[in-house]
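*Asks:* This is the structure, below, for whatever I ask next.
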Amino acid sequence: MSASDSSSAVVVLAAGAGTRMKSDLQKTLHSIGGRSLISHSLHAAAGLNPTHIVAVIGHGRDQVGPAVEDVATHLGREVRIAIQEEQNGTGHAVQCAMDQLEGFDGTIIVTNGDVPLLTSDTLGSLLAAHTATPTAVTVLTMNLDDPTGYGRIVRNADGEVTAIVEQKDASDEERSITEVNSGVFAFDATILRSALSQLKSDNAQGELYLTDVLGIARSEGHPVRAHIAADARELAGVNDRVQLAEAGAELNRRTVEAAMRGGATIVDPATTWIDVEVTIGRDVLINPGTQLRGTTSIGDRAEIGPDTTLTNMVIGTGASVIRTHGSDSEIGEDATVGPFTYIRPGTKLGAEGKLGGFVETKKATIGRGSKVPHLTYVGDATIGEYSNIGASSVFVNYDGVNKNHTTIGSHVRTGSDTMFIAPVTVGDGAYSGAGTVIKDDVPPGALAVSGGRQRNIEGWVQKKRPGTAAADAAAAAQNSVPNQEG
């Protein structure tokens with residue numbers, strides 16, 4: 001439901017302790033698919049474009065409050081926060097939320113911060129069903145093959161909801177009902193306010209139950225109805241780590257399927273993990289063991305993996321990234337990366353460039369067509385176009401106190417095992433010999449070499465390491481050399 005609905009508000013309940021998670025992190029802050037549980041719920045709420053969104057927080061509010069504010073910033077809209085000082089039941093939580101909805105008289109949807117699979121479409125269908133006919137409360141329900149543990153929905157002959165009966169209180173006939181309560185509701189705001197003021201805590205838990213609103217509404221002659229969700233999986237709550245993993249797997253299945261239907265080939269969906277904010281172009285090939293995290297963007301016709309993890313990366317059209325771990329960086333069009341490449345934040349590889357095996361980069365800008373083929377560290381550096389960095393080279397950027405910058409020009413060729421002692425600049429078209437330690441700037445077109453002439457000390461092994469295998473091998477080799485005299 002994308003159009004603005006000025007007559008709706010959404011309340012997200014996220015005040016519980018979530019003790020079954022056995023975590024120092026508040027339950028709704030655990031993540032699947034690159035978002036926290038409460039972020040998923042707030043995104044679903046925002047998809048309705050309601051007048052107000054209210055998050056009710058309590059336990060761990062020092063953690064949850066800033067997280068809600070971050071999501072609101074990401075959504076570009078206000079999310080009001082209500083504090084439930086004492087966790088005294090779902091009815092009390094909604095009472096706390098109503099302070100943020102003073103004067104609002106439309107439809108209030110109440111959902112939970114631990115149902116990450118619930119979509120805006122399903123909330124929209126609930127809202128549409130609720131407003132189609134005058135209704136006090138509409139319960140979002142689901143049909144389950146095994147309803148054990150859930151509150152059963154009891155309807156009358158007209159299809160109205162007469163009761164929600166909990167498992168422990170249900171008769172055998174009621175236990176056979178497969179339609180159950182999801183814990184998500186749509187309320188008429190005026191009726192909800194009145195009913196909330198009448199809630200009592202005369203129950204085994206001594207709490208105020210939101211479900212008691214239904215009985216109050218019916219006792220006053222207001223209709224209570226149910227709307228069955230099309231996909232019960234959306235309403236699966238997360239209460240422990242097992243359910244967190246199950247929800248994550250289901251969300252990933254959806255995300256991977258959407259990518260394939262959008263034109264990407266995913267060789268093995270079972271070993272491919274894609275966060276919900278990842279974007280993937282057409283004719284992309286994703287090989288097994290690939291993880292695409294955060295806001296990663298994959299251009300058309302790129303190939304990713306196998307065994308690759310990319311977080312907040314931008315991959316250009318036609319690029320190939322194989323057996324690579326990369327984050328917060330950009331790979332240009334038709335560039336090649338891997339295998340066994342480590343791309344740290346701030347790397348920008350130009351179009352048609354190459355980062356090869358066992359190369360590590362950090363805060364490095366590498367120009368179009370330039371290559372770093374193997375066994376090299378490039379940190380705090382700028383490399384121009386069409387340059388080649390020899391194997392086993394190191395950009396020595398740290399002097400023990402500061403990180404320093406190296407600048408390599410275009411069309412530069414450096415020999416293997418070159419050390420660049422930053423800060424240093426190598427001009428366009430320059431070369432370096434193998435094993436060179438570059439401490440001073442190299443002018444354009446110059447050849448940089450360091451070190452003296454090679455010196456061989458004859459017979460050193462036999463004198464210093466007599467009796468060793470090396471000495472014996474040397475002696476045998478020397479004795480086999482033909483005598484050139486006479």
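If you go along the chain as it appears here, the first residue is 1 and each next one adds 1.
Positions of Cβ are set from backbone N, Cα and C atoms, glycine also.
According to Swiss-Prot, the record shows the following:
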ACT_SITE  His374  active site, proton acceptor
BINDING   13-16, Lys27, Gln84, 89-90, Gly151, Glu166, Asn181, Asn239, Arg344, Lys362, Tyr377, Asn388  UDP-N-acetyl-alpha-D-glucosamine binding site
BINDING   Asp114, Asn239  Mg(2+) binding site
BINDING   Ala391, Asn397, Tyr398, Ser416, Ala434  acetyl-CoA binding site
REGION    1-241  region 'Pyrophosphorylase'
REGION    242-262  region 'Linker'
REGION    263-486  region 'N-acetyltransferase'
REGION    464-486  region 'Disordered'
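A description of the local structural setting of each listed feature is requested, covering burial, neighbours and distances.
*Replies:* Mapped onto three states, the DSSP output places His374 (active site, proton acceptor) in strand. On its own chain, His374 (active site, proton acceptor) has Gly356, Gly357, Phe358, Val359, Ala391, Ser392 as residues at least 6 apart in sequence with a Cβ closer than 8 Å to its own Cβ.
Over all protein chains present, the Cβ of Gly151 (UDP-N-acetyl-alpha-D-glucosamine binding site) has 22 other Cβ atoms lying within 10 Å.
Counting only residues at least six positions away in the same chain, the Cβ atoms of Ala14, Gly16, Gly18, Lys27, Thr28, Leu37, Ile38, Ser41, Gly237, Val238, Asn239 sit under 8 Å from the Cβ of Asp114 (Mg(2+) binding site). In this structure, Asp114 (Mg(2+) binding site) belongs to neither helix nor strand by DSSP; it is coil.
DSSP assigns Ala434 (acetyl-CoA binding site) to coil, not to a helix or a strand. Here Ala434 (acetyl-CoA binding site) comes close to Gly390, Gly415, Ser416, Asp417, Thr418: these same-chain residues lie at least six apart in sequence, with C-beta atoms under 8 angstroms from its C-beta.
A Cβ distance under 8 Å defines the sequence-distant neighbours of the region 'Linker' (242-262), meaning residues of its chain 6+ beyond its ends; these are 21, 30, 32-33, 116-117, 233, 236, 269, 272-276, 278, 280, 282, 286.
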*Asks:* Could you say whether, by DSSP, Tyr398 (acetyl-CoA binding site) belongs to a helix, a strand or a coil region?
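*Replies:* DSSP call for Tyr398 (acetyl-CoA binding site): strand.
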*Asks:* Which three-state DSSP class does Ala391 (acetyl-CoA binding site) fall into?
*Replies:* coil
*Asks:* Which of the listed binding-site residues (Leu13, Ala15, Ala391) has the least company, meaning the fewest other Cβ atoms within 10 Å of its Cβ?
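*Replies:* Result for the binding-site residues Leu13, Ala15, Ala391: minimum number of other Cβ atoms within 10 Å at Ala391.
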*Asks:* By a simple count, how many Cβ atoms lie within 10 Å of the Cβ of Asn239 (Mg(2+) binding site), its own Cβ left out?
*Replies:* 15
*Asks:* Using DSSP and three states only, what is Leu13 (UDP-N-acetyl-alpha-D-glucosamine binding site)?
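*Replies:* Note: Leu13 (UDP-N-acetyl-alpha-D-glucosamine binding site) is in a strand by DSSP.
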*Asks:* Average pLDDT across the region 'N-acetyltransferase' (263-486)?
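*Replies:* The predicted confidence over the region 'N-acetyltransferase' (263-486), as a mean pLDDT, is 96.
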